[in-house]
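According to TrEMBL:
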BINDING   Phe95, Ala96, Val97, Asp180, Val181, Asp182  UDP-N-acetyl-alpha-D-galactosamine binding site
BINDING   Asp180, Asp182  Mn(2+) binding site
ACT_SITE  Glu270  active site, nucleophile
Amino acid sequence: KIETSSLLRKPQIHFITLLLLVNCIPIKRGINSPCTISFFFFGINFNFLLCFRSRNDVQTCTSWNAPIIWEGMFNPSHYDQIHRNKGSSVALTVFAVGRLAFLNSSEQHFMSSLPVTYYVFTDSPELVPNINLAPNRHLKVIEVERHTRWQDISMMRMKAISDVIESDIRHHATHVFCFDVDQVFTGRFGPEALGDSVALLHAHYYHLPRMLFTYDRNPKSKAFMKTGDFYYHAAVFGGSWKSMKALTEACYRSIIADKENEVEALWHDESHLNRYFWLHKPSRVLSPEYCWDTSIGYRSDIQVYRLLWASKDYYNLRTS
């Protein structure tokens with residue numbers, strides 16, 4: 001930043017500054033997105049903003065001005081430094097029984113520049129594997145009630161997450177990310193993904209028209225939706241601890257209301273999550289790079305795999 005006094009002493013600098021501003025190129029953030037304009041000079045993002053112009057093959061911004069994060073839009077070291085300076089820290093929640101691959105891979109790739117605490121919810125604490133944790137990384141095991149159906153496990157996790165945010169996380173972390181355990185980190189999943197409220201585009205639906213999105217169409221369910229913005233994947237979602245407390249509480253209330261009315265949403269907690277993000281727009285959206293299913297095959301717009309979904313389980317779950 002150039003102080004006024006220096007501008008008075010060196011008017012040529014003031015002229016150069018004005019010339020730079022006049023020659024900045026306004027760039028819209030994404031395809032068919034009426035987003036706020038960012039400014040670029042010679043292709044470099046001015047003021048270190050996300051470089052939306054770098055990916056003209058995909059939508060990089062929502063209609064409500066939330067960025068959609070794709071490879072090539074950000075400088076990793078810049079985000080690492082910003083969040084270190086801000087003192088950001090992350091709580092990762094996962095419901096797991098003896099899944100070594102997820103935890104080991106997260107140590108390699110998930111928020112490696114920041115303090116992270118893993119909250120592992122399980123009905124069998126003795127089966128949680130021992131892993132070598134880096135400095136400023138911690139693991140807490142929380143015993144939960146056993147459920148016979150995976151649908152009940154997936155829905156009841158909302159209450160469990162809400163409770164641990166209230167009792168523990170809010171005192172120790174600025175952000176929370178929730179993951180399904182049947183996944184493996186394969187690339188950087190860094191602070192560029194952090195935001196007040198973060199949703200993930202579902203890899204199986206982001207290329208499809210909205211009419212094919214599998215929202216809950218039952219008017220009796222609290223998850224009922226006629227239409228929406230995108231179809232979000234419940235395998236990954238996150239945000240500030242305050243936003244995540246509000247989200248998990250709201251979804252849990254909706255799930256309980258459905259149970260009292262003897263209704264079950266089509267895709268369980270994922271249906272309620274989509275409803276919530278329709279009413280409360282996420283401030284940041286992650287591209288399918290952040291949870292990809294290789295069974296889909298090659299897609300030119302997917303330039304990196306950051307997290308891989310266990311496709312063999314995906315199809316079993318979707319049809320059970």
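Every residue gets a Cβ built from N, Cα and C, even glycine.
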Original post:
Which of these recorded positions has the least crowded Cβ, counting other Cβ atoms within 10 Å: Asp180, Asp182, Glu270?
Top reply: Asp182
Original post:
Relative to the Cβ position of Phe95 (UDP-N-acetyl-alpha-D-galactosamine binding site), how many further Cβ atoms are located within 10 Å?
Top reply: 23
Original post:
When a 10 Å sphere is centred on the Cβ of Ala96 (UDP-N-acetyl-alpha-D-galactosamine binding site), how many other Cβ atoms does it contain?
Top reply: 22
Original post:
Rounded to the nearest angstrom, how far is the Cα of Asp180 (UDP-N-acetyl-alpha-D-galactosamine binding site) from the Cα of the residue listed as 'active site, nucleophile'?
Top reply: 12
Subject >> Packing count at Val181 (UDP-N-acetyl-alpha-D-galactosamine binding site) (other Cβ atoms within 10 Å of its Cβ) >> reply: 20
